[in-house]
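Participant: Below is a structure I'd like to ask you about.
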Amino acid sequence: MATRLLTAVQRPTDRTTSAAIAVALAAITLAELLLYGGHTWPAISVHALTLSGAVLVIGRTHPTLAIVALVPLFRLVNLAMPVFFSLTVFTMPVIYGPLIPSLFVVDRYHPDIDVRPGWRVGLLGAIPGIAIAAALARVEWAIIRPEALIAAWTPLQVLAIVVVMVGFVGFVEEYLFRGLLQRGLAGHVGRWPAVVLASAVFAIMHSGYHQPGELVFAGTIGFVFGALYEWTDSLALIVVMHGALNVVLFAVIPIFGTPI
């Protein structure tokens, strides 16, 4: 009985559901454009309204919006970090850690979305994946030129940034944007349009850098990771690649520089 009820609730009118998702994604885009323009508080307000609407109002009828609601939640948690906290590798788990339970809860109530870790493919593809990620990090560094998130190249600091970038940043972002959002949207717009749409959302969520080039890069990387996920069905592979890219971007290049 419970299973039948859940299935019935999860399948509202496709046209209505798609319209509701479109409105939510448009609101997310508006909020991120406000943030890109430096209007932080209006952006927070729009994200908060989007989250409330998706969870408290529309989400009861259209559970797919619970996935979309994770996007403004992600941004609100990020913006809630006190300004007197300098961003280091040790503060990032505070931003990403609280999102992990939400990902599992939403995934649990969407049995139609099969997020597979794909450990075997991830292990086999780790070395070439890391090499590709390192090359991509060089491109991204040329765009945003971030400072190092670790103070020195010591065993403890290196271990910390690897764990954080793979286990927190890479895991949360790939689980959200590829595992849940991309697969959730596929049921409404189709497989490859969902890859494109999820990549666009992933791109606009990089508005905090205030760099047009970073938006383009993030969208491209999002599409690459999304296509790899569709091809390999391995979340582990793209989590490792995402984490490796960030390790090189925020630790290796800022400390050791880049080859000419």
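Placement of Cβ uses the backbone N, Cα and C atoms for every residue, glycine included.
The domain 'CAAX prenyl protease 2/Lysostaphin resistance protein A-like' annotation in TrEMBL covers 157-248. Sequence annotations record features per position, and here TrEMBL assigns transmembrane segment to 20-38, 44-71, 83-106, 118-137, 149-172, 212-229, 235-256.
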Participant: Counting by DSSP, what is the helix, strand and coil composition of the domain 'CAAX prenyl protease 2/Lysostaphin resistance protein A-like' (157-248)?
Facilitator: 85 helix, 0 strand, 7 coil
Participant: I'm a bit unsure how to read this: which one of 20-38, 44-71, 149-172, 212-229, 235-256 has the highest number of Cβ pairs shorter than 8 Å with the transmembrane segment (118-137)?
Facilitator: 235-256
Participant: Should anything in the same chain at least six residues away from the transmembrane segment (149-172) have a Cβ under 8 Å from its Cβ atoms, list it; otherwise answer none.
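Facilitator: Distant Cβ neighbours of the transmembrane segment (149-172) are 74, 87-90, 92-93, 96-97, 99-100, 103, 238-244, 246-247, 250-251, 255-256.
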Participant: Can you see whether the transmembrane segment (212-229) and the transmembrane segment (44-71) are touching - at least 3 CB pairs under 8 angstroms, only pairs 6 or more apart in sequence?
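Facilitator: Checked: the transmembrane segment (212-229) vs the transmembrane segment (44-71), no contact.
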